[in-house]
Amino acid sequence: MAISVPTSVSKESFLFNSKNSLKNNTQVVQIYGSQLKPVKFEDSHFKHLGLIKRNQGYLRLEASRDSVSSTRVAPVKEMEKKPNDQTLDLFNDMREKFLSFKRFKYLEKSDHYQKLVNGQAPKFMVIACADSRVCPTSILGFEPGEAFVVRNVANLVPPFENGPTETNAALEFAVNALKVENLFVVGHSCCGGIRALMSMQDGVHSSIFIKDWVINGKQARTSTMAVAANLGFEQQCRHCEKESVNHSLVNLLSYPWVEERVRNGLLSIHGGYYDFVNCTFEKWTLDYKGNSAEEDGKYAVKDRVFWS
Ligand SMILES: [Zn+2]
């Protein structure tokens, strides 16, 4: 059965009844293009055009067929609101932001973005927390092409001997293929991952996946408890948030290809801490020349700065 889309609906969005249709994935649907010539689509093709929403016999399709430079937003408010339409609103907001980015950044710096078509040569690899409040590109101003970023729970770098993870896969690519000049591990205040790490010893429940991941920071927890056992839990967490960054810096040196480039002066390792409660940022650099390890496995730091 073919369905004809009313020609009066806008290009950006249309709604049509499909009570007796779409009984299987091969249902043929007829959509009019800009010349009002019928174009046939199979149902399975819709997912490539936009968002499909089946609800009470209705199928709504958001198809972004307008000009890429347009900032008009689909008139979803004119439609009958469904319980999950808030998701549509979120994507409409996102669409506006994307088109604003395109108009005011991408197109205005088109030369820069065209160079990125040929490849990337970032000077930084940033390892930051997945926390939505601490996006490194937002707070540190990295432009596309300037930082290779991997984010994980609690911004941890597992030691080499712990085996493969997506974090050290990204590390390997950044160091050996992109040949970044700086590795930058950025911790932050109020980190839920560090809280999970510090809570584990108290028998507080945590997800098995999170537990298995944050245990990579167990040395930071141990060293925190060695110096902060008499402090309250919140203070212990604040201490461990920075301590875990330092342990990750040391863990970076456990990768032979990282250590070699650092020793040869081709790569620097930096730590950072973003306090989003007070909006301050602290940065320091590992002082490693190949044989400066102290007995406790720690390394001296240099170039510590505090931005407030
Ligand atoms: Zn975090």
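Just so you know, glycine gets a Cβ as well, placed from its N, Cα and C.
Keep in mind that what you see is a predicted model, and the values were worked out from it rather than measured.
According to TrEMBL, the protein has these features:
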type	residues	note
BINDING	Cys129, Asp131, His188, Cys191	Zn(2+) binding site
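A 10 Å cutoff on Cβ-Cβ distances gives Cys191 (Zn(2+) binding site) a total of 25 other Cβ atoms nearby, all chains included. Cys129 (Zn(2+) binding site) carries a strand DSSP state (E or B). Taking the centre of the Cβ atoms of Cys129, Asp131, His188, Cys191 as the Zn(2+) site, the nearby residues of that chain (Cβ within 8 Å, site residues left out) are Ala128, Ala130, Arg133, Val134, Ala154, Asn155, Gly187, Ser189, Cys190, Gly192, Gly193, Ile194, Glu241, Tyr274. Secondary structure at His188 (Zn(2+) binding site), taken from DSSP and collapsed to helix, strand or coil, is strand.
The C-beta environment of Asp131 (Zn(2+) binding site), restricted to residues of the same chain at least 6 apart in sequence and closer than 8 Å, consists of His188, Cys191, Gly192, Gly193.
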